[in-house]
Amino acid sequence: MTQTKHTWTKEEILAIYNKPMMELLYDAATIHREHHNPNQVQVSTLLSIKTGGCPEDCGYCPQAARYHTDIEGNELMSVQQVKAQALRAKSSGSSRVCMGAAWRNVKDGPEFDNVLEMVRTINKLDMEVCCTLGMITENQAQRLAEAGLYAYNHNLDTSEDYYKDVISTRAYQDRLDTIGNVRKTNITVCSGGIIGMGEAVEDRAGMLVALASLSPQPESVPINALVAVEGTPMEEIEPISIWEMIRMVATTRIVMPNTQVRLSAGRTEMSREGQAMCFFAGANSIFAGDKLLTTPNPDVNEDMKMFKLLGLQPMKPFVKKEQPETVEAQYSKYAAQGEKPKWSRPGHKIERNEEAREKAKV
Ligand code: SF4
């Protein structure tokens, strides 16, 4: 059994990424079979519980308020709406619901209390619950854990070097600090990134070094391909080729043998053959539903046809770790602290972000 290694160097990872394709695929598929059932793929549903109006400046994101995109913002969904969507997801084969809110960071108060209630509600449906809500404190992570949260998503996005060309409103270290706060609880960590944002292959390797050196490594690593949305600073970037996606998935599988590697945004651009190669190379999760937060995603029926064609089965929930218990709000050990943590604002100028912001004003 391949041992997990936390001391990967960028050079070692680049050497894997750049192997001849057939060797890379063989190595990744071998490690995949040692640690996972290659015929099972987890189906997760991503639900945007609060869309748009985000104060951050992530260069790839149509939900940033400062860019002019055709995203329709909405207020936080109700617990009942979320429950109805979770039930629908469950009936179409999803074992996990990931709720995303376009927030910089979580603020204690009625909206967060509602999110905690959503977590309790979905956990009671015997589905894995994941949240992606921005930066969180240790106390907020403890409250989510108590509610029954299974995973918290907070992507590193790219390498620390290239991150400075993508986001100026918070630092890489803030991301790592949030992941550290999640790690102080029994919530699993979901953290990955986006390729095709104009970064060098060295940046992809740099991101994998950062993720693989976490101890423990993230239980889940989403690999997204940029979906360039009109109005965002990255609107003109051409889609990456499927071969880059396959190389990234295979390399991720080799450096993080135990993790769930998630094929995330960008699947609409991939053929079934391309996705099949990604599964062979070690991807074992997809997001279902016709939208991924705000960008297009294949229809769930199309995915089920692909599963049938490839003889894949949707994974059951709680295969990797047992279901957390839900503590009701009135029995909570962790009161809201109303903290105002000093998350950083580097505020350096990113030319393309500034240009997109100026264009949006016009
Ligand atoms: S990626 Fe998240 S934090 Fe960044 S602008 Fe979009 S919603 Fe906001």
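Numbering starts at 1 and runs along the chain as it is shown here.
Glycine too: its Cβ is placed from the backbone N, Cα and C atoms.
Summarising the annotation, TrEMBL assigns domain 'Radical SAM core' to 39-267.
Mapped onto three states, the DSSP output places Cys61 ([4Fe-4S] cluster binding site) in coil. Annotated [4Fe-4S] cluster binding site per TrEMBL: Cys54, Cys58, Cys61, in sequence order.
Here TrEMBL flags Cys98, Cys130, Cys190, Arg262 as [2Fe-2S] cluster binding site. The secondary structure of Cys98 ([2Fe-2S] cluster binding site), as reduced to three states from DSSP, is extended strand. In sequence order, Ser44, Thr45, Leu46, Leu47, Cys130, Cys131, Thr132, Ala151, Asn153, Cys190, Phe287 constitute the residues six or more apart from Cys98 ([2Fe-2S] cluster binding site) in its chain with CB-CB distances below 8 Å.
As annotated by TrEMBL, region 'Disordered' applies to 334-362. Secondary structure of the region 'Disordered' (334-362) per DSSP, as helix, strand and coil residue counts: 11 helix, 0 strand, 18 coil.
Within the chain carrying the compositional bias 'Basic and acidic residues' (348-362), a Cβ under 8 angstroms from the stretch's Cβ atoms is held by residues 57, 59, 66-68, 164-168, 231-235, all 6 or more beyond its ends. The compositional bias 'Basic and acidic residues' annotation in TrEMBL covers 348-362.
Averaged across the domain 'Radical SAM core' (39-267), pLDDT in this predicted model comes to 96. Neighbour counts were taken at the CB atom with a 10 A radius for the binding-site residues Cys54, Cys58, Cys61, Cys130, Cys190; the maximum falls on Cys190. Rounded to a whole number, the distance between the Cα atoms of Cys61 ([4Fe-4S] cluster binding site) and Arg262 ([2Fe-2S] cluster binding site) is 19 Å. Sitting within 8 Å of the Cβ centre of Cys98, Cys130, Cys190, Arg262, and not among those site residues for [2Fe-2S] cluster, are the Cβ atoms of Ser44, Leu46, Arg96, Thr132, Ala151, Asn153, Ser220, Pro222, Ser285. When the binding-site residues Cys61, Cys98, Cys130 are checked against ligand 1, Cys61 have a Cβ within less than 6 Å of one of its atoms.
Surrounding the centroid of the Cβ atoms of Cys54, Cys58, Cys61, where the record places [4Fe-4S] cluster, the chain contributes additional residues within 8 Å, namely Glu56, Asp57, Tyr60, Pro62, Gln63, Ala64, Ala102.
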